[in-house]
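The structure appears below as structure tokens.
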């Protein structure tokens, strides 16, 4: 649990402080390339590990490297797709699902070659992709979305001035805690539970399809449904989050309580499709709830804060893991509790929108006007 969770997350969170500052002032493509190289090398070095401390150190390097990746990627996306930023962020999130799906094949590589070769090859692939990234992605000119901004200003805007942004962070943290816990320990539970029809090969192939297809369709569903609904009701992202949280609970119950491997994976697919469509609309609402000048940085702070809290899930499951198939019961109560908390936070946020005209898209903060009285940017 520590290796999967806070061995990564604590360094990720601490590293995000200087990462945001550096990404605001230095070439982001170079930063992203260096981060990819560093975490790829650290991944490969895990193949030589003979103890817990060495593995923990490798995970820490990976966490630090990815701390630089997130703000750089979001900042580049904001500048490349300034007019369609929310759609671009949704597409960017699909890459996470694609990566998670492909990670399932590491089971096959580990069985064929051993886990050491599996992590070594995964790391070497990242090393090979580093020059491709550096040579093919050009550094765009900075826009107002990525202009340098003090970290204290952004955190004050997200966690103090905007009640909507603050509650959205709470809701996202709870949803991501459930998702991170399932992602980390569901493969272990499948091995221990040995459901009817299960084999490691079938799991690797079908889980990859479930994660990729479910994630892709979920991002598309969230973008289309969120956009349509938001034009009719400014609370739509929150209501979508409530539905996603409530729908997730019975689906997770079936995933962890059924005796059929096929039924479990099918419900896992539905959980990804229907239970994870909240992310894109939530980020869009978050950006509406803060000043335009900090919206790009606010999205990074939102993701970092949510990720740090979410990693509490895998760490907790690792601590209470009894070593058998009963780990499924711990996953069950933790995920149900997290989704219930997320639903409550989304409901609370929907109520707050009634008293926050900016978050509802119905008003503009005084700070969004320049000295001449004109708007610094459209809502």
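The backbone N, Cα and C atoms fix where each Cβ goes, glycine too.
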The annotated transmembrane segment range in TrEMBL, which must be one of 236-257, 258-279: 236-257
168-190, 352-374 - the one TrEMBL records as transmembrane segment: 168-190
Leading contact stretch, 30-55, 89-109, 236-257, 298-319 vs the transmembrane segment (61-82) - CB distance under 8 Å: 30-55
Chain residues outside the transmembrane segment (210-229) and at least six past its termini with a C-beta under 8 angstroms from it: 86-87, 90-91, 93-94, 96-98, 100-102, 104, 236-237, 239-240, 265, 268-281, 284
Average pLDDT across the domain 'Major facilitator superfamily (MFS) profile' (1-355), rounded to a whole number: 85
Contacting positions for the transmembrane segment (89-109) when only residues 6+ beyond its ends and CB under 8 Å are counted: 73-74, 77, 117-119, 121-122, 183, 187, 200-201, 203-205, 207-212, 214-216, 218-220, 222-223, 272, 279-280, 283, 299
